[in-house]
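Database features, via Swiss-Prot:
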type    : residues                        : note
BINDING : 7, 8, 9, 10, 11, 12, 13, 14, 15 : ATP binding site
């Protein structure tokens, strides 16, 4: 079964997707982490973001596993903390605004997924990466709640950050993503939208599992 979990940044979609992967015992592809990996190698190897061919020639390997996505550069595992910095996040957002890059990375995702069962989480998951998925969930939350979550996440990693700056960046990114002339950010037409602002992780997971069960039965997948 293919499950697409989409939504804006810091909405809680990654946490939910990891748990769903563990509960169903199927691999998890965190597409945002892959974006950050290419952003990281762009900075590390000093490759301009416009040089798409060079970026995709770099030694990056993506391995979806139960409850996590592992990425390797030159055969070595990448420290996830290095991928969570503000600098890498900014570069990832810049890459995401380039249509050719999105086309290439979406092609890479499709090659990784192929016909395997997988939880695919990230922007465009239900609209462009696996639009054929029988289960599509769009997880969202208020900008303020998302900024609070991202602030707490970065503080735990030891970064000195400002809540106001994070909120402003979230608002700017939402606007930029929704106004993209190509690949505008929006839920798939048949996605179930879940607002997590006032819900616990456990509540959201149960809601998603219920949707999976219902969609699976209707699609005669169980």
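The first residue you see is number 1, and the count goes up from there.
Placed from the backbone N, Cα and C atoms, the Cβ positions cover glycine too.
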Listed in sequence order, residues with CB under 8 A of residue 7 (ATP binding site) and six or more positions away
13, 123, 138, 139, 140
Based on DSSP, name the secondary structure state of residue 15 (ATP binding site): helix, strand or coil.
helix
Counting across all protein chains shown, how many other Cβ atoms sit within 10 Å of the Cβ of residue 11 (ATP binding site)?
24
Report the member of 9, 15 (the binding-site residues) whose C-beta atom has the most other C-beta atoms within 10 angstroms.
9
All-chain count of other Cβ atoms within 10 Å of residue 13 (ATP binding site):
28
